[in-house]
DNA sequence: AATCGCGCCTGACGGC
DNA sequence: TGCCGTCAGGCGCGAT
């Protein structure tokens, strides 16, 4: 599923094909996404040109002079650029056809994604306003997390997956970062020292950077007309590796359910 | 204020 | 083979 690194890779991939081009047509085949795709999207977006393509957490912002397409890939969403004569396939819910004969195609089997049109300042939109800092921003550091976590009894894994605390850390990278930092996913957030938070933040930045770099190389051929856009295969040390030996100590990796999410950890290495 | 649990949805998978 | 139940998961929302 798209995590922050995938969304950033998508952003980089589509940006050069959108910026400076205008929208010829919008085709909505299935408006029933997480929120209904507004019927007015077609009319509002047609004729607009793209100024910039930004990312905020896992949201993509396609900025136009008169508004912004606010897009989320949810669990199973993907964006591809295809020549505009390629017939749509299953779950191709929406096309933004561009002046350069290219078509930005949104596919989402589970329809947890969303495509909205907003006219106010995007950052004051109700979906974006409450979001915490970007994990790769320098102001996201150990002392920030330490301060935010005081008196919090929630497990650290739940805490760092809370998008009001910090955005873009999904289930996979939460497990990976906690493993790398040697912190047990169930430990209460309020009972972790500043030093350990500094190590955790370092781990979060490292796993995200590595994944973004991996994505940049794997998804070099972003413009495709066939096949699925491969989310890059993660180099995961712990996620999904139940009963495999821990790469550090060799003890079997454990799986557990924390905050309604599957969590992987090494009971020996993480405290 | 913080935390919990629900619901949205399809595809993959296991059991019978 | 086919049918059915279960699970996976991002994330906003309403309840506690």
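Using N, Cα and C of the backbone, Cβ positions are placed for all residues, glycine too.
According to TrEMBL:
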- A:2: active site, schiff-base intermediate with DNA (ACT_SITE)
- A:2-113: domain 'Formamidopyrimidine-DNA glycosylase catalytic' (DOMAIN)
- A:3: active site, proton donor (ACT_SITE)
- A:58: active site, proton donor (ACT_SITE)
- A:91, A:110, A:152: DNA binding site (BINDING)
- A:237-271: domain 'FPG-type' (DOMAIN)
- A:261: active site, proton donor (ACT_SITE)
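Overlay of TrEMBL annotations on the structure.
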| residue | record | DSSP (3 states) |
| --- | --- | --- |
| A:2 | active site, schiff-base intermediate with DNA | coil |
| A:58 | active site, proton donor | coil |
| A:91 | DNA binding site | coil |
| A:110 | DNA binding site | coil |
| A:152 | DNA binding site | coil |
| A:261 | active site, proton donor | strand |
C-alpha spacing of residue A:261 (active site, proton donor) relative to residue A:58 (active site, proton donor), in angstrom: 18
Cα-to-Cα gap, the residue listed as 'active site, schiff-base intermediate with DNA' vs residue A:152 (DNA binding site), nearest whole Å: 28
Least buried by Cβ count (within 10 Å) of the recorded positions A:58, A:91: A:91
Whole-number mean of pLDDT values that fall within the domain 'FPG-type' (A:237-271): 92
The domain 'FPG-type' (A:237-271) - residue tally per DSSP class, helix then strand then coil: 0 helix, 12 strand, 23 coil
For residue A:261 (active site, proton donor): intrachain residues, at least 6 apart, with Cβ closer than 8 Å: A:157, A:158, A:161, A:171
CB within-chain contacts under 8 A for residue A:3 (active site, proton donor), separation at least 6: A:58, A:168, A:170, A:172, A:173, A:211
Cβ-based isolation winner (fewest other Cβ atoms within 10 Å) among the binding-site residues A:110, A:152: A:110
